[in-house]
Amino acid sequence: MLLPAIAVTFVFSYLPLYGLQIAFKTTRLGANYLNGDWIGFDHFVRFFNAGWFGTIMKNTVLLSVGSYLIAFPFTIMLALMIFNAVNKRLAKFTQTFTYLPHLLSGVVVIGILNLFVNGETGLINIFLRLTGQETISFFGRNDMVLPLYIITNLWQHVGFSAIVYLAALNSIDGSIVESARIDGANKFKIMMKIQLPWILPVIVTMLILNMGHILNVSVDKVLLMQTDLNISASEVIATYVYKAGIQGAQYGFAAAVGLFNNCINLAMLLFINWLSRRINETSIF
Amino acid sequence: MKATSLKRNHKLYSGLDDRIFDLTVKIILLILGVMALYPLWFVLIASVSNPSDIFRGRVFLLPSGLNTEAYEKLLHTPKVWTGYLNSIIYTSVGTFINLAVTLPAAFALSRKALPGRAVFSVFFIFTMVFSGGLIPSFMLVRSLNMVDTMWALVIPGAVSAFNLLIAKSFFEGGIPESIYEAAIVDGASKFQFFFRFALPLSKAMIAVILLYYALGHWNDYFTPLIYIRTPDLQPLTIVIAQMAATLDTTLLEVMPSEEAYQLLMENSLMKYAVVFVGALPMIILYPFLQRYLIQGVMLGAVKG
């Protein structure tokens with residue numbers, strides 16, 4: 001029963017590890033792509049010494065960490081608001097429509113974004129024009145990439161990420177809240193002093209789990225947001241690997257860049273795991 | 001999750017501060033809910049409005065009339081329908097393969113009698129931690145002659161270690177070892193037990209991982225972008241990207257004329273329509289899926 005799964009995983013997850021040797025070889029085209037000459041770390045050195053290395057690293061970290069750090073407080077706030085709502089129908093409404101975007105593909109999300117911010121036809125620019133203000137070329141400006149990426153991420157994922165915290169809030173012992181009420185605590189105090197500390201372990205765990213993907217950026221969304229004008233703010237490792245490797249056929253070089261990315265991710269994961277074992281004596285593995 | 005289990009003991013004390021709190025919660029929830037809903041709503045109302053009304057800023061909360069022009073045009077755009085059909089095929093075939101490979105493996109891993117169980121677990125978990133990356137996978141798929149075929153989309157990702165672990169821990173908890181052993185002693189084969197008992201008892205979990213896999217296939221853009229070249233084989237995501245998510249340099253800046261303006265308006269109407277058509281399947285299925293999505297988070301959380 002295990003055999004099909006093992007076969008598929010071996011072929012498509014382990015064989016590529018063997019194929020990683022092209023990161024250390026000259027690129028040969030054709031079927032014998034593994035037959036290039038060994039060149040050691042040349043591809044890596046070329047990547048590190050390139051002028052845009054710093055830019056790409058900065059963009060990657062900014063987009064992933066930035067969107068994550070901003071989404072985090074929103075997620076927790078949403079969970080607390082839904083949980084503390086007196087009007088359950090309103091809570092249900094908000095819950096339903098904040099989950100929904102999680103099901104949509106990045107393409108649809110960027111398509112919607114496009115209709116709001118694109119050139120002359122986007123809703124925001126129509127509004128700006130009608131009120132006599134200067135229209136904004138959202139996709140033509142470097143300083144717009146991060147905000148737009150963050151906003152789409154918030155819209156897509158905040159509601160869904162809140163589920164975990166809602167579940168944790170639901171497990172609060174009612175008698176604690178009751179005695180706090182009797183002692184005269186108001187709802188705000190209960191939220192800050194009971195509910196928030198109660199979900200703190202979950203918050204820490206989620207933080208740790210997400211640190212393992214520190215360099216992962218939603219590649220389809222970034223690719224779709226990229227233009228020649230904002231490239232110096234929107235080029236990230238994943239889009240760079242795609243362009244150099246798949247489009248540019250520099251397989252060895254692109255594989256080296258990808259390998260570098262995966263090594264950083266792995267190192268982060270191990271580091272966070274070590275850290276969490278030291279701090280709260282739990283680890284993921 | 002139901003947010004209703006908080007005991008309604010706020011009646012004990014209901015001073016001004018609590019009423020302010022309730023009101024604040026209400027306002028924030030309303031704002032967040034409307035903000036979440038509005039983008040989709042606007043795309044819908046804009047797609048059926050008169051484009052010149054959109055340009056004059058008259059379409060904001062309600063559509064101006066009912067203009068089905070864009071949808072009629074879409075009906076006569078064959079690539080949208082081939083895209084839909086391709087996406088349906090890739091999603092059903094892909095999900096079927098996912099389940100056919102993942103579920104038996106998860107069941108086998110969940111049985112304590114399996115020799116080398118820990119080794120196999122590590123074998124799968126390792127793929128979550130480290131991978132060869134895009135390029136070596138691409139070279140492999142290419143050398144297997146799977147480029148530009150459906151197989152490039154459905155075979156390489158047949159097992160997701162994450163889903164495998166969810167299924168495994170569900171089988172561990174839901175199918176006790178004692179029942180399994182008793183059935184084997186009574187002469188049932190492993191496969192009989194798997195199909196007659198294990199699977200029917202695990203419907204909730206199967207629904208969850210089916211949903212995860214199916215969503216992954218349906219929403220996938222990057223994999224077909226890399227592997228599929230023939231236009232007739234493109235899934236819906238690629239078609240939408242070509243029609244609506246690509247950023248066109250504004251015609252108006254190049255040649256500001258009445259025709260350019262007209263063309264631009266018609267184009268943007270098509271975009272509204274195609275984006276909405278792209279989002280539609282999920283909007284329709286969402287009420288049925290919501291429960292399983294939430295269950296999925298819970299199953300995953302138990303695991304983590």
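Numbers run from 1 along the shown chain.
Cβ coordinates come from backbone N, Cα and C, glycine included.
Sequence-distant contacts of the transmembrane segment (B:20-41) (same chain, at least 6 residues past either end, Cβ-Cβ under 8 Å): 276, 279, 283. Marked as transmembrane segment by TrEMBL: B:20-41 (among others).
Marked as domain 'ABC transmembrane type-1' by TrEMBL: B:84-282.
The annotation transmembrane segment is assigned in TrEMBL to B:88-109 (among others). The list of residues near the transmembrane segment (B:88-109) in space but at least 6 beyond its ends in sequence, with Cβ under 8 angstroms from a Cβ of it, reads 117, 120-121, 124, 150, 153-155, 157-160, 163-165, 167-168, 170-171, 175, 194, 198-199, 206, 209-210, 213-214, 217-218, 224, 235.
Per TrEMBL, the feature transmembrane segment maps to B:118-138 (among others).
Annotated transmembrane segment per TrEMBL: B:150-171 (among others), in sequence order.
Within its own chain, the transmembrane segment (B:193-215) is flanked in space by residues 91, 94-95, 98-99, 102-104, 107, 160, 163, 166-167, 170-171, 174-175, 179-180, 183-184, 289, 292-293, 295-296, 299, which lie at least six positions past its ends and keep a Cβ under 8 Å from the stretch. Feature annotation from TrEMBL assigns transmembrane segment to B:193-215 (among others).
Within the chain carrying the transmembrane segment (B:269-289), a Cβ under 8 angstroms from the stretch's Cβ atoms is held by residues 40, 43-44, 46-47, 51, 54, 67, 69-71, 73-74, 80, 211, 218, 236-237, 239-240, 243-244, all 6 or more beyond its ends. Look at TrEMBL and you will find B:269-289 (among others) tagged as transmembrane segment.
Sequence-remote contacts of a segment are chain residues at least 6 beyond its ends whose Cβ falls under 8 Å from one of its Cβ atoms, and for the transmembrane segment (B:118-138) they are 109, 156, 159, 161-162, 164-165, 226-227.
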